[in-house]
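I have placed the structure first, in the form of structure tokens, so that the comments after it can refer back to it.
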Amino acid sequence: MSVDTPRRTFAIISHPDAGKTTLTEKVLLLGGGIRSAGTVKGKKSGKFATSDWMEIEKQRGISVTSSVMQLLYNDVQINILDTPGHQDFSEDTYRTLTAVDTAVMVIDSVKGIEAQTLKLFKVCRMRGIPILTFINKLDREGKEPLDLLSEIEETLEMDTYPMNWPVGMGKRLKGIYSIPDDTVEIYNDSHEREIIPYKEESVLQDYEREALEEEIMLLEEAGNEYSHEKVQNGTLTPVFFGSALSNFGVQSFLDQFVKLAAPPQPRKASGESVPPESPQFSGFIFKIQANMNPNHRDRIAFLRVCSGQFDRGMEVTLSRTGKKMKLNQSHSFFASDRETVESAKPGDIVGLYDSGNFQVGDTIVGGGERLQYEEMPQFPPEKFAKVTAKNALKHKQYHKGIEQLVQEGTIQLYKTPYFEDYIIGAVGELQFQVFEYRMKNEYKVDIEFQHMTHELARWVTKGKVSDDMTDSRKMLVNDQQGRAVLLFENDFALRWFSDKHPDVELSTGWDILE
Ligand code: G4P
């Protein structure tokens, strides 16, 4: 693909089973058949993509890892970043969101917005990037479209603007009416695309027309006005109805997507806004993935290019350490396939071979200024466990394994003062299981967990804390950067502490979640 082609980089977020994989497959197929879409995740096809190394995923049928896909559509290069659907890996999804310019939210029309994904949707909303909504499974008897819009508006505190409107649903589904075009896309069994001007359309019964016209009138009177600016700053989401499985409404969605999705945006580094046009090459690592393919026992660091141009073999500096290196091994991705990438531009994702130099959040720059993109925000963990190696003689592999898995962002690590006991923190239980599995399989270390009852982590931002503050309900630890963190059993213990120590200021480490 040419470096001159405009880029649109996005990720899909959804609750598991809402239809993210199906939609991704259909979208890829529309990309002029650059590659077959059957390789996205292959739940059914029997092909496994990037993550087939991980039994845990196969057993549970969830996508733990993210991969990157590309397609060319209407002369736009679209980069899709896959995200794990399961809520236990929200942190991973969040990090992926830092690397995109647009998000697509897929909602199951039968279920609406599901509680476990609400937090993730909210986080996405707070990034201030355009969010396009695809309400899926219109071929099923779902919630009323107007109710779905209100649900989005109320739970996510953002305006909605329907781009199309369903005529019937489930067995009664006749089509979708395109509001901007005044056309109807007919739903038919052959799944052939059939678009007819509304006035000429003859498939709809009188009562269907009446119902549709009434709803459109209601939307015109009581609905929101369209504002491109609001779409761009993520306060208004254009909503599309369709059925990914029936390939219905997917192309109409993609046609609009290329118009509405944001181009690569300026990003903050070292306190300044770096525009993509800036000649100096820069990018940051948002994900590190080990053993993506059992045939390559290595790590791949996923780099989002933010400015300038990336050329294979170029000399770059790792801003955190000042280390200079040549990036010879760079890949672009399509699920399990890797292709060597010669050059990349802002918006692109490049996979870099990593022998242990990189960590999540690292900035890489070409010659010139040593920029540092903003730190990756962490999800405050909610589950903690003390961890030890079952066999003390394996301490070398144990430490190496922990160090690498922490660099990858698989889990968060804390240490107690003096004794330096290892405490790992996670957002969800599955992260512990992935950690245990990988320690055993990749580093040959059996580990033992001692689950803790603590549920809250608070970073100490002001005031003095000391080791004697540790008691049965709270514990003082240090994070990877040596910052003091207090772990509390529950809200009560936190409030009790705050009342007793008004001089100590605490933060979730990530204020936007508050
Ligand atoms: P996910 O990646 O968000 O987890 O969802 P995925 O696409 O895997 O879809 C989850 C299930 O919903 C799948 O069925 C899929 O076929 C179905 N599905 C997706 N889009 C639609 C749609 O528009 N209408 C209907 N009726 N179903 C849809 P499954 O039986 O769980 O899996 P499979 O065995 O069919 O793969």
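Cβ atoms here come from the backbone N, Cα and C positions, even for glycine.
The number of other Cβ atoms within 10 Å of the Cβ belonging to S14 (GTP binding site), over all protein chains shown, comes to 23. Taken from TrEMBL, the feature GTP binding site covers 14-21, 82-86, 136-139.
Residues annotated as domain 'Tr-type G' in TrEMBL: 5-265.
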Taking a cut-off of under 6 Å between Cβ and any atom of ligand 1, tell me which of the binding-site residues S14, K20, T83, H86 pass. S14, K20
Does DSSP give K20 (GTP binding site) helix, strand or coil? helix
Least surrounded, by Cβ count within 10 Å, of the binding-site residues K20, H86 is H86
Near the Cβ of L138 (GTP binding site), how many other Cβ atoms are there if near means within 10 Å? 27
